[in-house]
Each structure stands twice: as structure tokens, then as C-alpha cells.
Amino acid sequence: MLWLDLGNTRLKYWLTDDIGQIVTHDAKQHLQAPAELLMGLTDRFERFAPDFIGISSVLGNELNAKVSETLSRLNIPFEFVHVDAAHPLMKSQYNDEQLGCDRWLQMLGAVDKKKRQCVIGCGTAVTIDLIDHAEHLGGYIFPSIYLQRESLFSGTKQITISNGTFDSVGQGMTTQDAVHRGILLSIVGAINEISHRHPNFEVIMTGGDAAIISQHVNRPVRLRDDLLLNGLARYFDHSK
Ligand SMILES: Nc1ncnc2c1ncn2[C@@H]1O[C@H](COP(=O)(O)OP(=O)(O)O)[C@@H](O)[C@H]1O
Ligand SMILES: CC(C)(COP(=O)(O)O)[C@@H](O)C(=O)NCCC(=O)O
Ligand SMILES: [K+]
């Protein structure tokens, strides 16, 4: 099988064998041209001859149509995931026409009907979702640390583009530190507040910035990089 995750920043893919083991996987920035990036990967995909392609995309109809066009040339059946708020593994109270399919799949990949869970996706946007015994209660969406920094750079005169690091939530004494620490604190503080409000929820984090953010969270965090893949596998198992 070939599994694709088209996020706002990166395209991730996994090739898995008959028993679901990962044969190879990678993540690449697509620069809003995922179809062109896929075109460059088709040789690699053809060599593995997957019998099915399952796709998660949050890129919208126009880019999805281009992706479909590229994938059609492979002559391998493919299918995009559609959010199902009444899925047998997890019910959701969220507006299912709006819920991002990566968010939903990450939850589907994590959900455990015996637990209360808080699933945090740290991608282009940071998403925080609450699940109570396999019922999605809703959540929050924040701009990532990088999007927040860009908005300060573009919306102010005296804060100019700099390449600081997001490594502390202590107060800053320079503009660069104050910007990076303030932004990191906005996300970490929100996570700490939400986990304070929901003390019995297991905190699970995934996505490109999960490692940077999780270090400052004052609760034990389970880092999982397999959630979306797990969600895709669970989804296509149930839809056939
Ligand atoms: N090699 C990389 N290229 C781009 N972003 C990376 C890379 N490694 C880690 N990241 C981080 O991952 C984040 C994107 O995370 P990801 O989960 O791939 O997002 P999305 O699903 O929105 O595409 C970026 O904000 C960036 O900080
Ligand atoms: C919230 C998201 C932008 C996160 O995307 P990502 O950071 O993974 O690229 C995406 O799931 C999305 O576009 N969702 C639609 C809005 C919603 O979930 O309500
Ligand atoms: K958008």
C-alpha cells in the first residue's frame, strides 16, 4: 500500500507491505505544488507496485484535482479520505464538513474507547482535540510557531525577520528572544491550560514541531509519529 498525507507544508508518504510494516517513508516540503512533487516520486512508487493508494489531504479541491490527475497515470486505484463523524471507532460532535481530515485521522489513529485523550497535532497549524471514550468533544486551532512569527514580522515595523530558535519560555531581554519565547509560551501555555482543565486526559502529540513544543509541557506527553498513518490504515480497513 501507498499512504499519502498532504499537509499545508509537507507531503509525507509511507509504503507498507502485506502485513502493514513500513518499507520506506519520507516527508518533503511541497511548496504548494504537491502534484509536481508527486510526479517526481512516481518512479519510486512504481518500483514498489502498491495495489492501493490511500490519501489524506487538507489542500482543497483545486490541488486535490491536480494530485488525482498525477496519480491517475500510475494505474493504481486511489482514494481520498472523507471525514465520517459517525465512524464506528469514533463519534464526533464537530462540524464534519469542516473538520480537517488530517486532524480527524490523527484522532482515529490514536482513539482508544477505554481512555480520555487529548490529541495535539503540531504542523502548519497546531490543533488540540479532546476525545472522551471514543467521542470527539471538539478542539482548538492555533497558528504554528512559524506562522505566528511570520505574522509579527509582516504586521510590525520594528520586529524584523530573524532566525532565532524556539527553545525557551522564560522572559526575553532582546526583541529576538521576546518574540520566540512569547510565541512558544502561547502554544505551551495553551496546552498546559487545557491539560489543567482536563487532568484525566492522556496527552498525545504528533507532527513536525511536536518535539520542540513537548519539552515545555508540564505533563507527561506521549510523542507518536505514526498517528496519521495508523488512522489511514484504520479508515481503509473499515471502508472496505
Ligand atoms: N525538513 C523539514 N522541512 C520543513 N519543515 C520541517 C522539517 N522538519 C521539521 N519541520 C517542521 O515541521 C512543521 C510542519 O509539520 P508537518 O507535520 O509536516 O505539517 P503539515 O502537516 O502542516 O505539512 C514545520 O513547521 C517545520 O517546523
Ligand atoms: C487545522 C488544519 C489547518 C491543520 O493542518 P496542518 O497543520 O496539518 O497542515 C487542517 O486540519 C484544516 O485545514 N482543517 C480545516 C478546519 C478545521 O479542522 O476545522
Ligand atoms: K487556509
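FYI, residue positions are counted from 1 along the chain as it appears here.
From the backbone N, Cα and C atoms, a Cβ is placed for every residue, glycine too.
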Of the residues Thr70, Thr124, Thr127, Thr156, only one is listed by TrEMBL in the ATP site with Asp5, Leu6, Gly7, Asn8, Thr9, Arg10, Leu11, Lys12. Which is it?
Thr124
Nearest of the binding-site residues to Thr175 (substrate binding site) by CA-CA distance, picking from Asp5, Gly7, Thr9, Leu11, Thr124?
Thr124
Which number gives the other C-beta atoms within 10 angstroms of the C-beta of Leu11 (ATP binding site), all protein chains shown included?
23
Compute the mean position of the Cβ atoms of Asp5, Leu6, Gly7, Asn8, Thr9, Arg10, Leu11, Lys12, Thr124, which form the recorded ATP site, and then list in sequence order the other residues of that chain whose Cβ is within 8 Å of it.
Ala27, His30, Val58, Asp102, Gly123
Based on a Cβ-to-ligand 2 distance below 6 Å, what subset of the binding-site residues Asp5, Gly7, Gly100, Asp102, Arg103, Thr124 would you report?
Gly7, Gly100, Asp102, Arg103, Thr124
Which three-state DSSP class does Gly7 (ATP binding site) fall into?
coil
